[in-house]
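Okay, structure first, notes after.
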């Protein structure tokens, strides 16, 4: 029997110390990594529940284990809410991550060696869209498209590559692109060569759910996402579709289980159900609208301070700062900003002369700060502090001044009040 009064603090003080330190770091540092956000206490409560004890291979009503009647309720809630959120008629909430959701789509619809056409990682795509270092670039013949000199997706290039290489699947989506994607144009290109259109909307799923960013579900054969980032849920993946035929649904269901996964993480699925309920609340739309307003305020301020934003600005939650020609690298900028309690990530930019471990760019995003309660003026201030540090990354006095300002701002907007 486990006594209920045993806590990590008393049983494992080393781990407790690390958890406490990370909790404090999240309160004291401003989070600008575009793929990060804060979950609600209710989501964390679900993730820490006894549902973690239950093995539940299969799907609701069709399990390979007994005793699943209550986890069936939890998973069905997640499925139904997810469908409602995106206007989908198919939803799978079992993928452990966005990468595994993407893997499921590839394995369901392709054969090893088939050609896929995806966005280059160096131009704003994702590892799982055909990067050579990823399984998607090893198992499949990956052809990559990019952005033009204005930092915009070159749809003419996408079409030319599609007509030349005849991919079986066109992949749309990104990890570092700040404009609106023309999903209809992608579908038209895919249709020209008889390819599936697969959309990875991981970064903008919350914006899509709130109607702040165009939905790909009207155009794509299948769509995946993570459940954190702008959706503000637990770390995990989902697959959704609208108008998918019975054959496609059967392939997707069977590839997730038993194809690439065994037992689902029922505690995480419960957390997803909570997050989807939160995303259906009226306030979620206002939150996502503010995310975009904050990103635009930050981008415009950085531009005014002399920093280039790839594509010239942002229409979503993120921006890519291009520092080619600047004395500071992305790696050094990340470190300097970290000393000022501003958390960002270095990121390659188009035609980057530096290696992916060094880079000439920074990716910034506003989902997390908006969750804290930041509005436009806060993000203008924050962008000016970022520019101050980037202008003098080795100046300890500047870093100390910015750190003090950031600390005051963080105290004004606690993550968990």
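Cβ from N, Cα, C; glycine included.
These come from Swiss-Prot:
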type: BINDING; residues: 121, 125, 126, 127, 355, 356, 357; note: (6S)-5,6,7,8-tetrahydrofolate binding site
type: SITE; residues: 228; note: site 'Plays an important role in substrate specificity'
type: MOD_RES; residues: 229; note: N6-(pyridoxal phosphate)lysine
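Overlay of Swiss-Prot annotations on the structure.
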{"residue": "121", "record": "(6S)-5,6,7,8-tetrahydrofolate binding site", "Cβ neighbours (10 Å)": "24"}
{"residue": "125", "record": "(6S)-5,6,7,8-tetrahydrofolate binding site", "Cβ neighbours (10 Å)": "25"}
{"residue": "126", "record": "(6S)-5,6,7,8-tetrahydrofolate binding site", "Cβ neighbours (10 Å)": "23"}
{"residue": "127", "record": "(6S)-5,6,7,8-tetrahydrofolate binding site", "Cβ neighbours (10 Å)": "16"}
{"residue": "228", "record": "site 'Plays an important role in substrate specificity'", "Cβ neighbours (10 Å)": "27"}
{"residue": "229", "record": "N6-(pyridoxal phosphate)lysine", "Cβ neighbours (10 Å)": "28"}
{"residue": "355", "record": "(6S)-5,6,7,8-tetrahydrofolate binding site", "Cβ neighbours (10 Å)": "11"}
{"residue": "356", "record": "(6S)-5,6,7,8-tetrahydrofolate binding site", "Cβ neighbours (10 Å)": "13"}
{"residue": "357", "record": "(6S)-5,6,7,8-tetrahydrofolate binding site", "Cβ neighbours (10 Å)": "10"}
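With respect to their backbone Cα atoms, residue 121 ((6S)-5,6,7,8-tetrahydrofolate binding site) and the residue listed as 'N6-(pyridoxal phosphate)lysine' stand 19 Å from each other.
Note: the Cα of residue 229 (N6-(pyridoxal phosphate)lysine) and the Cα of residue 125 ((6S)-5,6,7,8-tetrahydrofolate binding site) are spaced 16 Å from each other. Counting in whole angstrom, residue 357 ((6S)-5,6,7,8-tetrahydrofolate binding site) lies 25 from residue 228 (site 'Plays an important role in substrate specificity') by their C-alpha atoms. Calculated from their C-alpha atoms, the gap between residue 127 ((6S)-5,6,7,8-tetrahydrofolate binding site) and residue 228 (site 'Plays an important role in substrate specificity') amounts to 18 Å.
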